[in-house]
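> Annotations per Swiss-Prot:
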type	residues	note
CARBOHYD	Ser7	O-linked glycosylation site
CARBOHYD	Thr33	O-linked glycosylation site
CARBOHYD	Ser34	O-linked glycosylation site
MOD_RES	Ser9	phosphoserine
MOD_RES	Thr20	phosphothreonine
MOD_RES	Ser34	phosphoserine
MOD_RES	Tyr53	phosphotyrosine
MOD_RES	Ser56	phosphoserine
MOD_RES	Ser66	phosphoserine
MOD_RES	Lys129	N6-acetyllysine
MOD_RES	Lys188	N6-succinyllysine
MOD_RES	Ser214	phosphoserine
MOD_RES	Ser409	phosphoserine
MOD_RES	Thr426	phosphothreonine
MOD_RES	Thr446	phosphothreonine
REGION	132-153	region 'Linker 1'
MOTIF	326-329	motif '[IL]-x-C-x-x-[DE] motif'
Amino acid sequence: MTTRSVSSSSYRRMFGGPGTASRPSSSRSYVTTSTRTYSLGSALRPSTSRSLYASSPGGVYATRSSAVRLRSSVPGVRLLQDSVDFSLADAINTEFKNTRTNEKVELQELNDRFANYIDKVRFLEQQNKILLAELEQLKGQGKSRLGDLYEEEMRELRRQVDQLTNDKARVEVERDNLTEDIMRLREKLQEEMLQREEAENTLQSFRQDVDNASLARLDLERKVESLQEEIAFLKKLHEEEIQELQAQIQEQHVQIDVDVSKPDLTAALRDVRQQYESVAAKNLQEAEEWYKSKFADLSEAANRNNDALRQAKQESNEYRRQVQSLTCEVDALKGTNESLERQMREMEENFAVEAANYQDTIGRLQDEIQNMKEEMARHLREYQDLLNVKMALDIEIATYRKLLEGEESRISLPLPNFSSLNLRETNLDSLPLVDTHSKRTLLIKTVETRDGQVINETSQHHDDLE
């Protein structure tokens, strides 16, 4: 906190002597040189808690350690010797000139550094103005324009997502309706297939009946043929009997003609012939009636079987046409279902791709917004850092100004002429000691900031002696 400067006596350092050497260690020399140390601090770094040190009059950046100054008005200065060589004054003047030359060089360096700091401050102020303009532009125009643009694009994306959601719901409803239609058609197809199986079974039974009827018809035809053969045989037999009877009648007639005396035989033959003719006619009539009745029955049965067969064929053809039409309808519905399912899959894939693209766009826009926010925060931090650097540079400039003012005031003081001093002998033991301590006031200022805003500021004063 304090910087001490060790003062050495120029007189003892240059001349020495037994008088001075025999003095106790508590004695002090009164011809001294003053040294001054300048400490230049760098720019303060921004932090959550900063401590700014300032001292009076020069501040923490200029620590001054002062030794006893040689004043021309110091009373009671006496030396042990009556006469002193004035070359001592020349040596002191030479050393003082060297010190002044060194101080001038140091001041020149300080001025150069001060000019560099001023240029740096001006450059930082220009950068600060540029950043402030960019920040205002980002806050004013960029925020509203980008915000409106992002909001409009987000609204458009939400509208498209809602439209796609509605389209998806509509397609799902159509898919459900088509699924119900397909299920209904499948049930109808099952019913038609059952009816087809029943028709085929009925047709098979009808075919069996037709086969049975055909067999019966063949049997009846064989019976009719056998009956016709029997009738023909009976007719032939009847004709032969008639011929035999006629031959017998002729023979009897001849005999009757020959034997006129027998009239009763002719009447008997006539009676026998009539009886045979009546029996033959009766048998022929009965045979014809039985044949006609059997033929009518067989014809009627054949007609019935033909009607049933024709009806069965018609029903079979009708069922076949229905099965073909239903098969074509099922195939068409299958094709429609496949096309709708393919369209639904394509729409789902397109919707998934578009949704992924929209999600990517939303993510990219959110990343851009986050990057813009981070960039704005970075600009704000840089601006705050520049403000902190500017404050530190302002403090250093004020410190340098005070140092320069102190140096100018010190340079403007009149310098004593050592050649005109009247050195007289005096008792060093009786001389009062000159106070070699300098008082320094230390100001400790603590500033706490958060997000670029000052939240707490405290100041403490300390007095130190050197």
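Positions of Cβ are set from backbone N, Cα and C atoms, glycine also.
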> Would you kindly list the residues that approach the motif '[IL]-x-C-x-x-[DE] motif' (326-329) from elsewhere in its chain, counting only those six or more residues past its ends and only Cβ-Cβ distances under 8 Å?
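Same-chain contacts beyond the ends: 185, 188-189, 192.
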> How many helix, strand and coil residues does the motif '[IL]-x-C-x-x-[DE] motif' (326-329) contain under DSSP?
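The counts are 4 helix, 0 strand, 0 coil.
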> Which is it, of Ser214, Ser409: the one of these modified residues whose Cβ has the most other Cβ atoms within 10 Å?
Ser214
> Spatially, which candidate from the modified residues Lys129, Lys188, Ser214 is nearest to Ser409 (phosphoserine), comparing Cα atoms?
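That would be Lys129, nearest by Cα distance.
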> Looking at Cβ-Cβ distances, which residues of the chain lie under 8 angstroms from Lys129 (N6-acetyllysine) while being 6 or more apart from it?
none
> Per-residue pLDDT averaged over the region 'Linker 1' (132-153) comes to what?
73
> Round to a whole number and give the Cα-to-Cα distance in Å for the pair Lys188 (N6-succinyllysine) and Ser214 (phosphoserine).
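With distance taken Cα to Cα, Ser214 (phosphoserine) is 37 Å from Lys188 (N6-succinyllysine).
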